[in-house]
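Down below is the structure, laid out as structure tokens.
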């Protein structure tokens, strides 16, 4: 399974489908420890073969007979015809008699593969390394489980939480290392959202660029939220594929539309009104807070009032990672249900 | 000199005097490498012997003759009679013929020791490890050079820069690890300042406590700044020695009074008006920003408007350290004169 997880990680973090890896093992030979690897495969993105099909093809290309073999796969084989046929069919056709999978498939359409295989006489074992497998596909898993994308809210602020000085100047609060990091994140997500207000004010390209300034191989879908039109000469309309313009302020409508577009991971870059609406709806799953050591004392805040009036009921976050990026820091945090225990220290 | 620096670091970080270490070495013996250590000493705080005097006493206690010996000391020997006599006199009386010191003494009253020693035939060498020696005494060095304390501004805020929710609740934004760290810093400084506004609102004890809740051995002078009286039952008047109440809003008057009290390191804990006044006067030397992963969206900001209107002229800080403290982070930054180079990336 470790090898299958390694293979899975070769796939893209973005895209509608999960990252999956598969290893085909020859039947055990009595008296000889270990199992011969017949084939390996991983999913390279929507429209390409699933990991199981890729691994079976690899085994055939190497001249191996897969009858009686074991498929070790990081996710329960799908039982669904989408852009490609069901993996359950491919495994049965290849004569696979044993399947070991890590994570169960939570999909209402793609799930049920293990039961189908068992019904056809395959010995299916579930569970090893399922936490590691989930880690590889957590945005996809979240989206197919909840029906909405995993939402990462990015802020780039002064130490005192301002996104700009009082005259509106905001370029650049954070330094080049923080900005390069933010571009690398853009290249991993499915979509980036800004409000029409931010688009009109900043005319952002919202492209993912490498440190040398060239476009990254994967560009996220650019999403603009709000009722106003963008001028035709704005970068979002001028450069690259057209953005998705969602003419609504309803968070539920926005998330449903994105889910319909199979967006698994949404990066929200601004403005404050959108951040506030998502926080108020408690649908932000992760914060990426880039913080620069500068104090502005005034200027627009990153987060507007969104309904928190007292500390005890403020949603709490669990810090998963901190990065030093030049003079700036990045704090990554996820929502946690629990509030820290109150205590009674003196100030 | 490495050994002398180790000895110096045994002294207290707080107090009016610098941390100094001294090693007395026997004269070189021809043909034999290395030098015998005759005595060691360090300064233990105001009113106790200086490092040189302590090291000479140690040598005598061990029965050594110090005539013709070398004194290796982290700071230029003082030439000044204060609470104790001048070290130059002690070194000459002991027959020391060579002095090697790291940092030069910048003091207008205590300086001049090297020249005095040279005039009396001592061979004085200056400079080795002066950066390390300065690092040990930087708050003292700053104070005697500039005539005002080194000022550390502490903030404890939400990720969006708020010190409290909109209803005023602020206990506790940061977690127990961050608060324990802040108490450890209190135990290293000479004084803690708050405004009368903060004192009246929060009734803080402003004591330095250990993680078990007991008082730390060193308690900083507590300073209250503002015109209003504190009620007699407030903790600042009730517990421990009386605070220093400076009835002024003039930053220059505050700093002069603190310098007169030989405060080398001042920790400013609140409120926002004091932080703003000190930032506007550009006398904050170091920031300690404790940041909790919570977004409040509203509530009082840590830093009020203090005259920054555009990003390009905002004072910049250099991040020296970041600490993860549970879910919180501490960012420590110092003022830097240079603004990062502007560049022209796309957003």
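Count begins at 1; order follows the chain as displayed.
Each Cβ is built from the backbone N, Cα and C atoms, and glycine gets one as well.
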From B:140, B:172, the one annotated by TrEMBL with B:156, B:198, B:202, B:271, B:272, B:273, B:274, B:275, B:276, B:277 for NADP(+): B:172
Recorded Zn(2+) site member, picked from B:50, B:116, B:120, that accompanies B:78, B:87 in TrEMBL: B:50
Where residue B:156 (NADP(+) binding site) falls in three-state DSSP terms: strand
Cα proximity to residue B:206 (substrate binding site), best match among binding-site residues B:50, B:87, B:271: B:271
Alpha-carbon spacing, residue B:269 (substrate binding site) to residue B:277 (NADP(+) binding site), which is rounded to whole Å: 13
Sparsest-packed of the listed binding-site residues (B:87, B:156, B:206) - C-beta count within 10 angstroms: B:156
Three-state secondary structure, which DSSP defines for residue B:209 (substrate binding site): strand
Chain A neighbours, restricted to the recorded positions B:52, B:87, B:156, B:186, B:269, B:277, by C-beta under 8 angstroms: none
Residue, out of the recorded positions B:52, B:269, whose Cβ gathers the largest set of other Cβ atoms within 10 Å: B:52
Candidate nearest residue B:209 (substrate binding site) in space, where candidates are the binding-site residues B:50, B:156, B:275, B:277 and distance is Cα-Cα: B:156
Conformational class of residue B:275 (NADP(+) binding site) under the three-state DSSP mapping: helix
